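Contents: one structure, followed by commentary.
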Amino acid sequence: MADSKSISPTDITDCFFHNLRAQVRPGDRLTVALSGGVDSVVLLHLLTTFSESMQLEVSAVHVEHGISTYSGEWSAFCQSLCDSLAIPLSIHRLKIRRRPQESLEAIAREARYQIFKHIQADYVMLAQHQDDQVETLILQLLRGAGVKGLSAMPTVRLLEPGKTIRLFRPLLNIPRSEILNYARLHGLSWVTDESNLDTSYDRNFLRHQILPLLEQRSPAYRKTLFRSTQHLGEAAHLLDELAEIDAENTLVTNRLSLQGLRKLEPARARNLLRYLLAQRLIRLPNSTKLEEILRQLNNIQPDNHFRFIVDTLEIRCHRGLIEFLPADSLPEPIAPVVWQGEQHLVIESLQGVLKFTRQNNMGIDPARLSGQIVTIRSRSGGERFQPDCKRPRRSLKKILQEAALAPWVRNTLPLLFCEDQLVWVAGIGIDCNFQISEGSTGLVVAWHPSQINQVSTH
């Protein structure tokens, strides 16, 4: 884009429209993260300029962190602004508490993003601009970040895995000075956060103490450093493409082959692991922790179990295959649940659904269950099972081990009991004593993990 000194408000409008049109489509729902500061006020003003012609559904969200004594006034300002523009606004009030070794800025950002995840929108619009991007680059340099971190903030990214809502920063290539010019030209009002002057925060110290000196020596530093973030973004994209190639060669049914990972050169192994973690949108580990994960993976025996927690993710390895599982969603063994003939039985503690259907020549003999108490529960130990009538009854533990199921899967498989007799084991089969005779209609049970929200009970 042109040098910031030559940009007029009209050019800013054109630049914003270009950024917007390149990403959104008619009918998209856009929610502005509105703090009340000049950046987000200008973003909302620009967006309302084009919302009707582009057929966009615009709303706003304000998060009151409760950190400043003025936070209530800022909420009232945002409400008044949105009322004047006929823009729906949702206000969320929080109490932010400091955590050891974490900045207040990072804690507040995490809290905001948790709220954003529940917004009914296609995009959450953020008002970060070119100066913010340059500051982020310098702060990342001071932290010793790699290529991914030095590419700073992406213009667009998914907010969380498996969802469609995205974060969008349409002002990222526009300097702060021109945003201020636009606000003054259009007579906009905004609030000022007094904490922006507190130089105990690294970003504020950089903004007020360091960058003015840098500008004296290199007036165009914003433009040149912003260009560096773009170059680094391209390099990060190429590293992601390399990781995708390595992933294709090392992934086995969505699990990472330990042997395949070990065959890679150390730099490529680090790149692949970093990429797979980033795909799950967690806070990436620093280089020391990443090296420790790889060291342990390189030293364990293929038959050994491995567990390592990174942010909200748990890395587990079993029989040479590495899985990435949400640490807070690993199910616990369940208490007995009585089945009363439902077609769908939700097992919330196991995060899945049992589906019961009738089919010819297969399944459980319904007559064996008639008049009996049928329950679903997890293993308690000592169960014996005979899914193959040509083989003797054996311990369920041994059968599950032979099926190469990971220990954390074995302990949370749903089992169907008729009174005290084990009838069916998910993924294994039906006990001989309960299998349907040929020519009859049987009850087929199927286990569908992670489908709680996809079915209704009958």
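In case you wondered, yes, glycine gets a Cβ from its N, Cα and C as well.
Of all the Cβ atoms in the protein chains shown, 16 others lie within 10 Å of the Cβ of Gly37 (ATP binding site). Residues annotated as ATP binding site in Swiss-Prot, with sequence analysis given as evidence: Ser35, Gly36, Gly37, Val38, Asp39, Ser40.
Around Ser35 (ATP binding site), the same-chain residues at least 6 positions away in sequence with a Cβ under 8 Å from its Cβ are His62, Val63, Trp74, Cys78, Ala127, Val191, Asp193. Listed in sequence order, His62, Trp74, Ser75, Phe77, Cys78, Leu81, Trp190, Val191 are the same-chain residues at least 6 apart in sequence whose CB falls under 8 Å from the CB of Gly36 (ATP binding site).
Annotated ATP site Ser35, Gly36, Gly37, Val38, Asp39, Ser40; additional same-chain residues within 8 Å of its Cβ mean position, judged by their own Cβ, are Leu34, Val41, Val42, Leu43, Ala127, Trp190, Val191.
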